[in-house]
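Heads up: the structure comes next, in structure tokens.
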Amino acid sequence: MEFFYTYKSIETALPLVDVENAKFAILGIPFDGTTSYKPGARFGPTLIRQGTVNLESYILDYDIDLAELNIADIGDLEVVAGNPLQTVKMGIETIRELKEANPNVIPIILGGEHSMTYAPVKALMPKSYVVFDAHLDLRDEYESNPWNHACVARRISELGVEIAEFGIRSGIREEVEYAKEKGITWVHAREYSVERFKEVVKDLPEPVYVSIDIDAFDLSMVPSTGTPEAGGLRFWEVIEALEWLVKNKRIVGFDIMEVAGMEIGDVTALTGAKLLFYFIGMMEKFGKP
Ligand SMILES: N=C(N)NCCCCNCCCN
Ligand SMILES: [Mn+2]
Ligand SMILES: [Mn+2]
């Protein structure tokens, strides 16, 4: 199947199937036009895919081999340089095309900056948005742009989607006040635990969209990201929370955003690649239908 707004990118190290037969479909959105400190997230989709070359397709702790699963990769979205809204609109259309081709497929978006997450959320319209992030992303606008990556959770909130945020350690008072006004729960990185995650998420309505802004992880694991923040989360404490989430809530989509970098083997991209493999593996092993 051909998609109007996509082009073929490098492929992961996994054998791939057609969209029509896929359980998971990868789409890269290489946009980084509003990142304010470090650029390079436009290379995230390519670097994450290339990082999978380094990984075994077999997930030891799950006894699942991703090479045996039905995974499609529809390439990267054609972005409109400097225009996040137009790029998001093309992303919405592409993900809707994807779901028309296979209503059961689970889209996995590789960013690109976090503003692009609005596209899968608008296309899939989950009841809840669960996000790991260093930043609240609840600004009404940033650098005079309401489609800046610092605003994505606010735009999602305006869709009426319930929101829970984890790993937070950066924001402004106005965002905290907005979260309080809208009943958005956010957990500071210092207060984060898997138990706290379960407490917050257990009553959220389904289905759920899960977003990972890679800067939620500690700076040591993800130095190549647009707005890095020290004091982040550890890998396995996020994986354990996601395993509980996919067992207990129906997941309609997933993304890994804000992976930047300029070279093959970038540490941040390798973190993203490992996370990609674990998410697919846990969905296969534990995913609630
Ligand atoms: N990724 C994000 N959500 N970023 C939010 C804006 C970056 C905060 N810089 C603050 C700079 C103040 N000197
Ligand atoms: Mn973010
Ligand atoms: Mn962030």
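Cβ coordinates are placed from backbone N, Cα and C, and glycine is handled just like the others.
What TrEMBL says about a protein is an automatic prediction, not a curated fact.
According to TrEMBL, the protein carries these features:
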- HIS114, ASP133, HIS135, ASP137, ASP213, ASP215: Mn(2+) binding site (BINDING)
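Overlay of TrEMBL annotations on the structure.
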{"residue": "HIS114", "record": "Mn(2+) binding site", "DSSP class": "helix"}
{"residue": "ASP133", "record": "Mn(2+) binding site", "DSSP class": "coil"}
{"residue": "ASP213", "record": "Mn(2+) binding site", "DSSP class": "strand"}
Filtered binding-site residues, from HIS114, HIS135, ASP137, ASP215, whose Cβ is under 6 Å from an atom of ligand 2: HIS114, HIS135, ASP137
Listed binding-site residues (HIS114, HIS135), ranked by Cβ neighbours within 10 Å, top entry: HIS114
Binding-site residues whose CB lies under 6 angstroms from ligand 1, from ASP133, ASP213, ASP215: none
Neighbour tally for ASP137 (Mn(2+) binding site), based on other Cβ positions within 10 Å of its Cβ: 30
Sorted by sequence, non-HIS114, ASP133, HIS135, ASP137, ASP213, ASP215 residues with Cβ within 8 Å of centre, Mn(2+): VAL131, ALA134, HIS149, VAL152, ALA216, THR227, MET257, GLU258
Number of other Cβ atoms within 10 Å of the Cβ of ASP215 (Mn(2+) binding site) across all protein chains: 28
